[in-house]
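*Asks:* Per Swiss-Prot, the features are:
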type	residues	note
ACT_SITE	LYS33	active site, proton acceptor
ACT_SITE	TYR236	active site, proton acceptor
BINDING	ARG126, MET284	substrate binding site
MOD_RES	LYS33	N6-(pyridoxal phosphate)lysine
Amino acid sequence: MRRAVLEILEERIIHNVKEIHRFSGKRIIAVVKANAYGIGVREVSRILEGLEEVDAFAVACTQEGVELRECGIKKKILILGGILEEDVKLLEEYDLTPVISDPEHLKVLKDRNIKFHVKYDTGMGRLGFTNEIIKDPRVEGVMSHFSSPADRNFSKLQIKRFEEILKNYEKVKYIHLESSAGLIYRVPFTTHVRVGLAIYGEKPLKDYPLEVKPALRLRARLISVKELPENYPVSYGRTYITKRKTKLGVVAFGYADGLMKTLSNRSFLIFEGRKVPIIGNITMDMTMVDLSGTEARTGDWVYIVNEERSFTPLARDAGTIPYEIMCNLSRRVERLVIKKR
């Protein structure tokens, strides 16, 4: 039985990539780390590989880069999350491009003929050099990262700092700063944009100017539908007591599949376009919903995410960010690419 399916809408992925390219005027470094934000790196990267707007991919570690190569990706692959001595052999064998953000990373490369990008910390307080200029013919690109793109004043300060640093680098092929949210700044001196979330149609900011479309549908099966009497408890801890006779649906999707427990008693799923409230505590493998007034039957599909409600508002209900919910989608969820017609 298919318990849960994440549908990846190829046509919308392609639309979103073209919209990002149209808006920015730049080619894209597609961020597909963490299994493409939980969506499915093999499925997503194979769509993106064939798009001329996508110039390169970015992942967190060498192991993720190796996985991309093994599923047939030929384009450039950046390793964003640092390297150690043990990574060098894989960098060479799989033609991976490291991002250098610490003096020790440079020592690891020694005299190896491996091109790399240099990362600068312009206000993120995480990875990156601050003022050090790397004079090395192997430098192929320079990058930085916004810490809070919604804060326009601080983001403009980061842009200014990055521009000053770039005065020390001439003729580098790749200069990248803008993320999905950072696209709004249209930084004039970058060559590429480094984007993940917007590819899937999630809007990282209110009043987002790009016309991206939700490209994901997450659905799960009803494995039981039954009537409960008034004043009857639902799920662990009896945090919900029925207020009337209730048609209870048990959905084969729980926190082990990626639905955060914080959504218990405070959000909804979608059945045939109708919002059905989550009632009681979400459990490891199941979620209970109130199906009263519907014709739902065991075996029907209920949507967690679709064109009506993307991961972003779902995350808002959970008190988190869409990245966290997406990255928590487990391997029990089947990934299915819906091909462009």
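Positions of Cβ are set from backbone N, Cα and C atoms, glycine also.
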*Asks:* Within 10 Å of the Cβ of ARG126 (substrate binding site), how many other Cβ atoms are there?
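*Replies:* Excluding its own Cβ, the number within 10 Å is 10.
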*Asks:* Return only the integer: C-alpha distance in Å from ARG126 (substrate binding site) to TYR236 (active site, proton acceptor).
*Replies:* 40
*Asks:* Determine, from DSSP, whether ARG126 (substrate binding site) sits in helix, strand or coil.
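*Replies:* Once the DSSP labels are grouped into three classes, ARG126 (substrate binding site) ends up as coil.
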*Asks:* What whole-number Å value do you get for the CA-CA distance of TYR236 (active site, proton acceptor) and LYS33 (active site, proton acceptor)?
*Replies:* 35
*Asks:* Taking the Cβ of TYR236 (active site, proton acceptor) as the centre, how many other Cβ atoms fall within a 10 Å radius?
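*Replies:* I get 12 for this one.
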*Asks:* Round to the nearest Å and give the CA-to-CA distance linking LYS33 (active site, proton acceptor) with MET284 (substrate binding site).
*Replies:* 26
*Asks:* Using a 10 Å cut-off on Cβ-Cβ distances across all protein chains shown, tell me which of the recorded positions (LYS33, MET284) has the largest neighbour count.
*Replies:* LYS33
*Asks:* Using DSSP reduced to three states, classify MET284 (substrate binding site) as helix, strand or coil.
*Replies:* coil
